[in-house]
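S.K.: Provided herewith is a single structure, encoded as structure tokens, for subsequent inquiry.
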Amino acid sequence: MMSPNQTLVTQFVLQGFSEHPGLRVFLLGCFLSLYTVSLMGNAVIITVVSCSAGLHSPMYFFLCNLATMDIVCTSSVLPKVLVGLNSKENTISFQGCMLQLFFLVWSGSSELLLLTVMAYDRYLAICCPLHYSSRMSPRLCGAMAMGVWGICALNASINTGLMMRLSFCGPNVINHFFCEIPPLLLLSCSPTRVNSIMTVLADTFYGGINFLLTLTSYGCIISSIMHIRSAKGKWKAFSTCSSHLIVVSVYYSSVFCAYISPASSYSPERSKLSGVLYTVLSPTLNPLIYTLRNKEVKHALWRLFPFSGG
């Protein structure tokens, strides 16, 4: 409970990359370029899949959902980063910080669940091809997508609500380039035990259980591929899930580095690096990986935009 004579923090200062003033212009150019590529790439994926009848399948339906969340993720972080790199001090209001936190948690957790659903989709396509159509019906795919968005919105609401209950009456400098749970907990002047427990539970579910489910799916996929006799058949089966496997590897590596550690061992520099990976680099690479490594997407892209090649 706040005492009447304590002053509540009404805004935070995002430290960002201010400790490297000589890199300000370079970082501004890099982040602006990556943000542009990310927005354009993911928008193209959504457009191509939506306008191409040949891509109206479960795999591409979930890819559209992933691209949407990539846009939400980068747009919740990068505009403020660009403003900060172009000004002397980057401040964000308390309400703005909580809003950014909500969209970041929502998009990040949604991507983890979508990657698990996409792994299950590839498992059914390769290991149970005869039952694929019945198990991945359009109605079920729609229900799973809505479930992902709903569950993750609830998770984001709980985490943001718990954060808003805390008192911030001391230092207001966030040693990061966006509002993230660990550095915010370090600034709170009230008990954060409930927040820490919720963070651990969310990390266990989204980072741990989903990772194990994805590993299990790919374990079954690899086992099934190994039983294919012809080298051509093996390559064809593997090529259908190689793009997703690369995306999973990049995303989980950055998320584990950022979140699978207690708040007491929080490292600002490590968190900034991993933050760049999963909020900037991963959403930028995802459309490039799926476009460059997927013949169906490339053919659909060429048909929709003849000037793109082909």
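Cβ coordinates are placed from backbone N, Cα and C, and glycine is handled just like the others.
Computed from a predicted structure; not experimentally measured.
Pulled the feature table from TrEMBL, pasting it below:
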DOMAIN    41-290  domain 'G-protein coupled receptors family 1 profile'
TRANSMEM  25-48  transmembrane segment
TRANSMEM  60-78  transmembrane segment
TRANSMEM  98-120  transmembrane segment
TRANSMEM  140-158  transmembrane segment
TRANSMEM  205-225  transmembrane segment
TRANSMEM  237-261  transmembrane segment
TRANSMEM  273-292  transmembrane segment
S.K.: Under a Cβ pair cut-off of under 8 Å, which of the recorded stretches 25-48, 237-261, 273-292 contacts the transmembrane segment (98-120) most often?
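M.R.: By Cβ pairs under 8 Å, 237-261 leads among 25-48, 237-261, 273-292.
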S.K.: Counting only residues 6+ away from its ends, which parts of the chain sit with a Cβ under 8 Å from the transmembrane segment (60-78)?
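M.R.: Same-chain residues near the transmembrane segment (60-78) but 6 or more away: 31, 34-35, 38-39, 42-43, 45-46, 49-50, 100, 103-104, 106-108, 110-111, 114-115, 117-118, 121, 138, 141, 145, 148-149, 177-178, 275, 278-280, 282-284, 286-287, 290, 297.
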